[in-house]
Each structure stands twice: as C-alpha cells, then as structure tokens.
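Colleague: Please find one structure pasted underneath; my questions will follow.
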Amino acid sequence: MAIPKAHYSLAVLVLLFVVVSSSQKVCNPECKAKEPFHCDNTHAFNRSGFPKNFTFGAATSAYQIEGAAHRALNGWDYFTHRYPEKVPDRSSADLACDSYDLYKDDVKLLKRMNVQAYRLSIAWSRVLPKGRLTGGVDENGITYYNNLINELKANGIEPYVTIFHWDVPQTLEDEYGGFLSTRIVEDYTNYAELLFQRFGDRVKFWITLNQPLSLALKGYGNGSYPPGRCTGCELGGDSGVEPYTVAHNQLLAHAKTVSLYRKRYQKFQGGKIGTTLIGRWFVPLNEFSELDKAAAKRAFDFFVGWFLDPLVYGKYPTIMREMVGDRLPEFTPEESALVKGSLDFLGLNYYVSQYATDAPPPTQPNAITDARVTLGFYRNGSPIGVVASSFVYYPPGFRQILNYIKDNYKNPLTYITENGVADLDLGNVTLATALADNGRIQNHCSHLSCLKCAMKDGCNVAGYFAWSLMDNYEFGNGYTLRFGMNWVNFTNPADRKEKASGKWFSKFLAK
C-alpha cells in the first residue's frame with residue numbers, strides 16, 4: 001500500500017487514531033438513506049449479505065514480507081540502503097516478515113481468518129536475477145513460489161498473483177533505466193510469460209501492475225520512491241516528463257502481457273488477467289463552486305483516469321491531453337487497440353477520499369501539480385471522515401467511486417484488491433494496545449457496509465481483499481505503520497499474534 005502523502009498540498013495529520021463523530025453519515029449494512037458513520041453492531045454484521053460467490057481475501061506483496069534472502073537486488077533494496085534517510089526509521093525490508101522461510105505460517109494465518117483467497121506478488125528478481133530470460137532463471141525462486149502456491153491450494157485458498165508490485169530488478173535500472181525505457185516492455189512480458197508457464201496451471205487470477213500511478217509519481221515525480229528521480233534530485237530527472245513516460249511504458253507492458261496471455265494461455269489455463277489501480281475519490285471543497293467541481297473531476301482524471309481511460313477507451317483523458325500537451329506520450333493506433341479493453345477485471349485499491357479545490361498553474365511542469373488542484377482532508381477545520389494516525393478515511397467515497405466507474409467506464413468486473421488502515425508505531429506502542437485494534441474493525445466494517453451499498457446500486461464487484469494479512473514493511477514508511485490484522489515482531493518474525501481485527505474478520509466470514 002502507498003500512504004497518500006501530499007501529491008498536491010494536504011493538511012498535516014497528527015490526531016489520534018479513530019475519532020468518530022455521531023453527526024457524520026455513511027452506509028450501514030442495511031444501506032438506508034441516512035446511516036451512522038460507524039458500524040452500529042460489528043458483531044452482527046457478517047458476510048451473509050454478500051453473494052455466495054463473492055470472494056473475501058487478504059493481501060500482501062513480496063518485498064514487504066519475504067525478506068531479501070536468496071534473491072537478487074531490486075530497486076527498493078538499493079534505494080533503502082543508499083538513502084536510508086528517505087524512510088522515517090531508516091529501515092529496509094531485508095528481513096521484514098521473513099515469509100521466504102515462514103510461508104507456511106502465513107498460510108496458517110490465512111486459514112485461521114477463514115479467507116477464500118490470498119493476493120500475493122512475485123518478486124521479479126527472485127525468479128530472474130538479471131531481470132531478463134537471457135540472464136537465466138533461478139529455479140530456487142520458482143520452487144519457493146511453487147511451494148507457496150501449492151500450500152495455498154492445499155488449504156483451499158485461491159492465489160491472486162500480482163506480477164509486478166514496484167520491485168524492478170536493479171540490473172534493469174542499471175542497464176537502461178527500468179520503466180524509463182521501452183526496452184522494459186519486452187523484458188516484463190517475457191518475465192510474465194515465465195510465470196504463466198510455471199504457475200498458470202494453478203493461478204487463475206493475474207494482476208499485471210500494482211498502482212502504476214505510485215511508481216510514476218513517487219519514483220519520478222518527487223523521488224520519494226526508487227529510483228529516486230525528479231527535477232532537482234541527486235540522481236537527476238524531469239518531473240514534468242518522466243512520470244508520463246513511466247506510466248506509458250507500464251501501460252504498454254500491461255497490454256502486451258494481456259495480449260500474450262489471451263493468445264497463448266487463457267484458453268487452456270482458464271484464468272483471468274487484469275490490473276490494479278489506485279482508487280481515490282475527490283469531493284469539491286466548495287460544493288457550490290464550479291471551479292472546485294471541475295478541480296475534483298480533474299483530480300480523478302489525473303489519478304485514476306490516467307490509466308483507466310486507456311484501459312477502457314484506448315486513449316488518455318482529454319483534459320490531460322489539453323493540460324500536459326506533448327509531454328504526454330501518444331499511443332500509436334496499434335498500441336491504442338492493444339491497450340483498449342485489456343482488462344478481464346479491474347483491481348481497485350481504495351483507502352481515502354480528499355477535498356479538491358482549484359489551484360493556479362505550477363511554476364514549472366510537474367506531473368504532481370499539472371492537474372492544478374489542491375487536495376486536503378479538511379474543510380473549515382473539519383475532517384472529511386474518520387481521523388486515523390495514518391490518514392483520514394471516508395467510507396462513502398468508496399461507494400461513490402465505484403458508482404462513478406460503473407457509470408463512466410462500462411461497469412467492469414471489479415475486485416477491491418486493497419482496503420485498510422494503519423496504526424502508527426514509533427516503538428512506543430505496547431503489545432496489548434497493538435492487539436486491541438478496534439479502530440481497524442470499524443474501518444473494515446464501515447467500508448464493507450458501503451461496498452454492500454455499491455453492489456446494491458449495481459456496481460459489478462466480485463471480491464474484497466483486506467490490507468493487510470499481517471504487519472509488514474510499509475513502502476516509504478518502514479515499520480512505523482502497521483496495517484496488519486495480525487501483529488508481527490519484526491526482530492523475530494516467527495512471533496505473530498492475532499489482533500482483534502483478525503478475530504473479527506474470521507467471525508465475519510464464518511457466519
């Protein structure tokens with residue numbers, strides 16, 4: 001998960017975890033017109049109100065849980081060791097949850113939670129140390145993922161596999177700049193085909209990319225993620241051009257991989273393939289201001305439409321073309337046809353909604369400010385939703401974005417591939433406090449309530465994955481944020497304990 005730090009300008013969040021106002025309104029399980037902001041009865045709410053074939057799962061990613069043992073370096077390894085000051089606790093994921101050694105324990109946690117599915121990712125450099133097929137396949141890495149997938153299947157848990165979750169092999173960064181170069185499209189497609197060949201007999205759900213926006217903006221817009229490039233960054237960069245190049249190349253890699261899967265593997269393997277986008281909703285700061293209404297629409301187009309428009313319509317949003325000009329790459333007619341419709345399903349990661357207000361043009365081109373929008377979580381000092389120690393979350397936005405996608409993007413088959421909230425842990429949180437995470441129960445319960453409402457509205461949603469199965473290394477925040485439904489001791493990762501939220505989710509699914 002990527003914490004929604006300021007992409008434009010945001011209010012600073014320093015309040016305590018979950019402050020709930022009874023005057024605020026959102027969906028409840030009955031989906032009435034006016035409902036309390038929190039779940040009235042978390043014990044009574046359960047999965048019985050969802051379709052029988054609806055999938056519930058939990059999610060993680062390779063870099064955040066596996067540890068670095070027995071794999072080649074990726075961009076995050078290099079970045080966190082070269083620039084430890086970029087992470088609040090100066091940490092890396094060298095050990096993390098040690099899931100490379102403890103994957104059977106991971107599956108036990110999943111089994112205890114009663115989930116039907118597990119969203120995981122493959123570490124590119126664990127199976128292809130040089131990043132490309134010509135550099136050789138690491139059969140030990142293949143064996144690791146075979147063992148994990150087999151363990152999941154043996155326990156009745158369906159694997160949903162993310163092919164790329166921001167961990168570019170460092171060899172490809174060194175050789176040609178990773179996703180800055182079109183050369184990565186072929187290497188990525190070959191890597192994906194290797195996964196189809198080795199795991200496709202058991203994996204029936206493939207996710208090509210995780211939040212391509214985050215890699216583009218944070219890796220190349222402000223340099224807070226690897227490879228740490230931006231205008232004025234030590235490693236160089238151009239914040240007004242490179243994010244658009246990287247986004248474009250990710251879309252091409254996705255589209256060519258989907259085309260390959262459909263032509264060579266889908267018919268006899270019987271799987272589906274899609275991608276996961278960030279799902280953020282935007283509310284006009286002044287609901288009566290036409291400028292703010294337009295700003296909220298622009299924010300959506302620059303955050304979500306940037307990727308969803310090409311995937312559904314084969315072209316970038318018109319407003320982006322008008323405002324970004326020739327800095328925004330063009331699809332050739334052949335590329336447009338390839339990208340258009342390259343989704344069997346849409347994955348959506350939803351965490352927050354924000355207020356949007358019109359902003360003046362930036363002083364210099366930058367993909368982070370090109371939309372000319374100022375974003376925040378507060379209106380006249382009042383938060384948009386529930387104030388947590390990590391961010392402010394707004395469950396009604398969940399329903400609103402799903403309905404907007406239904407109405408404007410042909411109502412695609414959708415899986416909620418991430419949703420959750422973090423607790424801040426600066427080393428001063430007792431174990432008892434960490435395990436009593438009632439705020440997380442409210443977060444999941446309220447979002448599931450709004451999801452149920454959205455489905456009654458006709459939104460084509462087929463699954464929900466909680467982020468996260470367990471506490472892990474949070475990109476850009478190290479170990480200072482804990483998203484897990486299970487607690488992990490990061491000095492001894494075999495020490496895991498079920499949180500109150502994990503117990504709640506297990507009971508929610510058992511009913």
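Backbone N, Cα and C atoms are what each Cβ position is placed from, and that goes for glycine too.
Pasting the feature list from Swiss-Prot:
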SIGNAL    1-23  signal peptide
DISULFID  Cys31-Cys450  disulfide bond
DISULFID  Cys39-Cys445  disulfide bond
BINDING   Gln64, His165, Asn210, Gln211, Tyr351, Glu418, Trp467, Glu474, Phe475, Phe483  beta-D-glucoside binding site
DISULFID  Cys230-Cys233  disulfide bond
ACT_SITE  Glu418  active site, nucleophile
Colleague: Of Cys230, Glu418, Cys445, which recorded positions are close to Tyr351 (beta-D-glucoside binding site), meaning a Cα within 10 Å of its Cα?
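Modeller: Within 10 Å Cα-Cα: Glu418.
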Colleague: If you draw a 10 Å sphere around the Cβ of Cys450 (disulfide bond), how many other Cβ atoms fall inside it, taking every protein chain shown into account?
Modeller: 24
Colleague: Return only the integer: C-alpha distance in Å from Cys230 (disulfide bond) to Glu418 (active site, nucleophile).
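Modeller: So the alpha carbons of Cys230 (disulfide bond) and Glu418 (active site, nucleophile) sit roughly 28 Å from each other.
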Colleague: Out of Cys39, Cys233, Glu418, Cys445, point to the one nearest Gln64 (beta-D-glucoside binding site) in space (Cα versus Cα); all of them are recorded positions in the record.
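Modeller: That would be Glu418, nearest by Cα distance.
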Colleague: Rounded to an integer, what is the Cα-Cα distance in Å between Glu418 (active site, nucleophile) and Cys39 (disulfide bond)?
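Modeller: Counting only the Cα atoms, the answer is 20 Å.
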Colleague: Consider each pair of residues in Gln64, His165, Asn210, Gln211, Tyr351, Glu418, Trp467, Glu474, Phe475, Phe483, all listed by the record as binding beta-D-glucoside, and report the largest Cα separation in Å as a whole number.
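Modeller: Farthest-apart Cα atoms in Gln64, His165, Asn210, Gln211, Tyr351, Glu418, Trp467, Glu474, Phe475, Phe483 are separated by 18 Å.
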Colleague: May I ask which of the disulfide-bonded residues Cys39, Cys233, Cys445 is closest to Phe475 (beta-D-glucoside binding site) if we compare their C-alpha atoms?
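Modeller: Closest by Cα distance to Phe475 (beta-D-glucoside binding site) among the disulfide-bonded residues Cys39, Cys233, Cys445: Cys233.
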Colleague: Need the DSSP three-state call for the residue listed as 'active site, nucleophile' to compare against my parser.
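Modeller: Note: the residue listed as 'active site, nucleophile' is in a strand by DSSP.
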Colleague: What three-state secondary structure does DSSP assign to Asn210 (beta-D-glucoside binding site)?
Modeller: strand
Colleague: Measuring CA to CA, name the entry from the recorded positions Cys445, Cys450, Trp467 that ends up nearest Cys233 (disulfide bond).
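Modeller: Result: the closest of the recorded positions to Cys233 (disulfide bond) is Trp467.
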